[in-house]
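These features come from TrEMBL:
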type	residues	note
ACT_SITE	H638	active site, proton donor
ACT_SITE	H681	active site, proton acceptor
BINDING	N211, R212, M213, V214, V352	FAD binding site
DOMAIN	201-224	domain 'Glucose-methanol-choline oxidoreductase N-terminal'
DOMAIN	393-407	domain 'Glucose-methanol-choline oxidoreductase N-terminal'
Amino acid sequence: MFCFYCNTTEDHTAEQCQNRTLVPEASLVINRPENLQLGDTGYETDYAFIEVEWDKAKKKKQGKKQVKLYDQVANTFFGAKSIEMFIISRLGLISWAIVTIKTQAHPLFNGIVVQRAENLSETYDYVVVGAGASGLTVANRLSEDPSITVLVIEAGQFDRNEDFVTIPGLAGGAVGTKYDWNTSYSANDALGGRVVPIPQGKIVGGSTKLNRMVFDRGSKSDYNAWEIFGNSGWNFGSILPYFKKNERFTPPTKEILAEYDIEWDMAFHGREGYMNVTYSPFIWPTHKNLINATKESGIYISGDQASGNAFGGYYCPHNMDPISVTRSSAKEAYHDTAATRQNFHLIAENQVTRIITEVLDGTVKVTGVEFATTSQATRHTVGVSREAVLAAGALHTPQLLQVSGIGDATHLNSIGVEAVVNLPAVGHNLHDHVSAAVINTLNTSVLTQSSLQNATLAAQARQEYDAHRKGPYSSPTGDFLLFLPVSTYSNATAEIYTRAIAGNASISLPADTPAEVLKGYQVQYNSLNNRLLSNESGNLEIIWGDGAMILGLQHPYSRGSVKASSASIFDPPIADSGFLRNPLDVALLREGIRFARRFITSPSLAVLNPTEIAPGAAVTSNEDLEKFIRGGASTLYHPAGSCKMGPREEGGVVDAELKVYGVTGLRIVDQSVFPQLPASHTMTTAYGVAEKAADIIRGL
Ligand SMILES: Cc1cc2nc3c(=O)[nH]c(=O)nc-3n(C[C@H](O)[C@H](O)[C@H](O)COP(=O)(O)OP(=O)(O)OC[C@H]3O[C@@H](n4cnc5c(N)ncnc54)[C@H](O)[C@@H]3O)c2cc1C
């Protein structure tokens with residue numbers, strides 16, 4: 001456990017720490033000075049001129065540094081006249097500072113991180129549930145209007161700029177930590193009863209703090225299909241301005257351009273957004289072999305994946321600050337820019353337990369949101385005068401609806417929740433990019449990722465990153481990706497297509513799928529069949545990692561569901577991924593493995609002397625490959641679709657304005673609303689959808 005009073009890892013929680021008595025009641029404790037967001041030239045707040053004297057001299061004699069403090073900190077002192085604040089910081093050595101702040105009384109409502117539920121306002125115009133990609137985007141944009149008040153409630157905590165969160169080369173390191181919900185998909189018969197872990201961010205920034213920083217969009221046809229599924233106004237052309245609005249794009253470095261033929265088209269990129277996006281300043285060298293092999297194989301290379309032609313092979317940018325070469329997450333992008341506004345509040349480490357509704361004149365209306373720190377803790381409520389906006393992610397949003405009485409009445413009854421709105425589609429249509437892996441070892445003198453297992457090389461690489469923001473730690477990997485249409489990777493397209501059109505759509509779905517969900521899925525099924533024949537729709541992603549090839553099925557047929565396991569939000573939901581429920585998905589992955597084996601024999605990859613270790617040379621028959629796939633299939637961490645946008649009679653949970661059917665004052669803005677996954681990683685689409693959602697909510 002990390003105790004920020006001791007500023008170290010200890011065997012007690014912060015609440016149990018004896019040093020805690022040192023901290024005055026009304027103060028804010030910040031464990032790293034970076035978190036104070038100190039300005040170079042200082043900052044004067046509306047309410048006080050604040051001087052902070054940093055004293056790092058306790059262990060090391062140094063002069064005092066005077067700085068002025070950013071107003072986020074000042075505003076946390078709810079009207080106190082004179083406060084002593086201890087700031088415990090960690091700058092290599094444990095150091096400390098005592099700060100005396102003289103300030104004057106000021107109104108409660110300022111752009112702040114609120115630490116105690118008692119300090120919140122009674123009512124907000126909008127309460128946003130979840131501070132991840134979508135929640136922070138919407139909260140930020142809504143709070144641009146100073147006349148409205150916005151509260152964000154987040155179950156997780158703020159990170160402390162740990163290396164595994166900020167350094168691109170360590171991306172993914174927060175998986176399995178306290179910043180992860182540490183959930184798993186339920187045991188799946190199609191995977192031999194296996195349980196597959198599905199990490200999800202539980203942190204301010206949500207999964208954008210855990211993810212691998214791949215920042216790509218799907219193809220035009222992916223988004224155009226959303227409109228075909230009955231969502232007027234949702235197509236590539238209408239989302240494009242919001243993709244751009246999110247983005248602050250920086251072209252690759254000169255050094256990278258000298259080595260790689262990266263192209264980009266500014267017509268498809270934004271310059272003014274909050275999200276820093278750029279290409280890695282270092283690319284692992286065997287990517288050159290990969291790119292050359294792609295060319296040798298005659299695979300189309302997309303000039304710029306952002307254009308909507310996101311198929312074939314492409315150079316992939318990352319959500320990365322081009323100057324500090326650190327992760328740009330929803331927290332840095334959207335929280336930190338909104339936190340300066342007086343009408344934006346955020347409370348962390350509190351889980352929303354229920355959406356409170358009342359029936360007024362026969363209409364179910366949201367009136368408040370209930371939340372608590374733990375299952376045993378006191379429930380607090382906050383009023384909602386306009387809307388509650390759900391952004392808790394594809395697994396938690398349907399669960400929250402269900403424990404609030406919005407879902408399938410039979411299921412709600414079984415967990416002891418009274419049905420407020422019978423909306424059986426809630427939780428259905430869950431799908432994710434299911435993956436399989438072909439692993440080769442390489443015998444080459446070219447620098448590969450495994451070289452970092454050598455402590456000396458790792459230390460050199462780290463020094464290069466620390467000193468120059470270059471080298472292996474400056475790349476989260478995934479700098480060139482393949483998104484292959486079926487015809488590019490399989491000779492069996494016609495056979496698979498024939499099976500698909502002769503097949504029964506319902507075998508993709510759980511047995512208890514409601515009729516309206518099946519009806520809507522039938523439309524998706526037909527569209528998935530047509531994709532099999534399209535040359536402009538990526539069906540298989542290949543992520544290269546020095547001989548390892550992770551294969552991700554982009555348009556799976558199979559669907560699962562999310563169900564609250566009890567009436568308590570604190571009990572994890574039962575999330576059935578549905579992986580490989582439809583055997584067509586196994587056939588498509590099997591073809592992917594066969595392609596990967598052919599591809600590795602391309603001259604540019606063959607020079608790396610690969611030896612396959614999984615599935616292994618002996619695994620060749622359809623039957624053996626199927627067994628291998630079912631035994632090892634995993635996820636690319638992209639759950640979506642569990643509160644589908646679409647007509648209610650076709651299994652929609654929200655309409656094209658993202659309003660939940662049957663309830664007034666309730667919208668969903670996270671990736672649970674995607675009707676169908678795009679062929680890409682999902683964060684960029686989550687931002688694009690949320691940017692558009694904010695404009696819809698504001699009536700713009
Ligand atoms: C390990 C991993 C790797 C990934 N890699 C990539 C990648 O490289 N590129 C990419 O494009 N995508 C990637 N993704 C997916 C990407 O991060 C998601 O698409 C995106 O974050 C989804 O946004 P969201 O707003 O729907 O959910 P999230 O960003 O997950 O936000 C949901 C938030 O809601 C909070 N919450 C949940 N329940 C409650 C509650 N009851 N009360 C209060 N708060 C609650 C959660 O704690 C969380 O902070 C990855 C995801 C993971 C987990």
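Any Cβ shown, glycine's included, is placed from N, Cα and C.
Feature annotations (TrEMBL) mapped to structure.
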{"residue": "N211", "record": "FAD binding site", "contacts (Cβ under 8 Å, 6+ apart)": "A171, G172, G201, Y637, H681, M683"}
{"residue": "R212", "record": "FAD binding site", "contacts (Cβ under 8 Å, 6+ apart)": "A171, G172, P476, T477, G478, H681"}
{"residue": "M213", "record": "FAD binding site", "contacts (Cβ under 8 Å, 6+ apart)": "P168, A171, H318, N319, M320, R327, P476, G478"}
{"residue": "V214", "record": "FAD binding site", "contacts (Cβ under 8 Å, 6+ apart)": "C316, H318, P476, G478, L481, H681, M683"}
{"residue": "V352", "record": "FAD binding site", "contacts (Cβ under 8 Å, 6+ apart)": "V129, G130, I153, A155, V369, E370, F371, A392, L400, I569"}
{"residue": "H638", "record": "active site, proton donor", "contacts (Cβ under 8 Å, 6+ apart)": "D432, H433, Q671, L677, H681, T682"}
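According to DSSP, V214 (FAD binding site) is assigned to a strand segment.
The maximum pairwise C-alpha distance among N211, R212, M213, V214, V352, the residues recorded as binding FAD, is 29 Å. In the domain 'Glucose-methanol-choline oxidoreductase N-terminal' (393-407), the DSSP tally of helix, strand and coil residues is 11 helix, 2 strand, 2 coil. Under the three-state DSSP scheme, H638 (active site, proton donor) falls in the coil class.
On the 0 to 100 pLDDT scale, the domain 'Glucose-methanol-choline oxidoreductase N-terminal' (201-224) averages 98 in this prediction. In the three-state DSSP reading, V352 (FAD binding site) counts as strand.
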